[in-house]
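In what follows, a structure is listed as structure tokens, so that the remarks can point back to it.
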């Protein structure tokens with residue numbers, strides 16, 4: 001029987017099991033199955049996935065993120081805010097501004113602190129990727145951004161493809177509460193045009209500074225929030241002329257609000273909370 005200490009944290013209800021790999025050990029070949037086991041709501045702790053906080057050669061810390069199906073993702077906005085909180089409060093970093101390595105690249109985090117506890121974290125997510133190769137997405141044609149139609153259930157849905165280190169398909173609807181989240185979501189997620197699968201967002205524009213947001217995450221399904229998805233949604237809204245560069249946009253997710261801005265300089269900034277749920281020790285056994 002193996003075990004490790006964990007901290008369960010969430011960003012707007014998007015919860016992960018966080019493991020401090022400066023202190024704990026999990027075999028590389030076991031990571032996918034451990035992520036699946038620990039995320040199981042019935043036989044594990046229950047979460048949207050597992051995130052490892054690891055040593056890095058290029059930053060104070062490195063984040064590795066696994067979905068609850070065991071697949072490894074390249075980035076996670078809500079996860080980054082929680083990693084920033086954990087790293088600061090456990091003195092893995094120096095100062096309130098620091099970098100975090102991800103599989104999608106290095107990002108900069110800035111934390112707001114009250115009584116030695118992080119209450120908010122702002123992440124510079126870098127510039128969005130908009131080409132088919134960067135997303136990645138199969139097909140022909142290279143326009144300034146990809147906007148395509150997808151026929152589902154005799155209805156044509158237009159989506160805008162954006163990568164924030166992971167792929168997103170953003171669909172604008174009149175009412176997110178009646179959007180085909182659990183039907184179109186998994187169909188588009190696993191469509192062959194997306195070789196690495198895709199996260200699917202449904203967006204309802206409220207005004208030039210607010211939007212409602214619902215998400216079907218690849219590898220996890222419906223979640224309360226998706227930080228990279230909120231970033232992709234704001235980018236897509238600006239690309240489609242629905243919002244403006246430089247403004248801070250309030251994104252209303254099922255789990256709460258994020259503040260997102262696509263700056264004139266080209267980077268996307270995300271600001272929001274990160275909270276601890278519980279701590280403990282998880283025991284597991286890998287069948288031979």
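Using N, Cα and C of the backbone, Cβ positions are placed for all residues, glycine too.
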Pick the one from 40, 42, 166, 267 that Swiss-Prot also lists for the substrate site with 14, 67, 77, 78, 199, 217, 218, 227, 228.
166
Under a criterion of Cβ-Cβ distance under 8 Å and sequence separation of at least 6, what residues of the same chain contact residue 166 (substrate binding site)?
73, 74, 75, 76, 104, 199, 218, 228
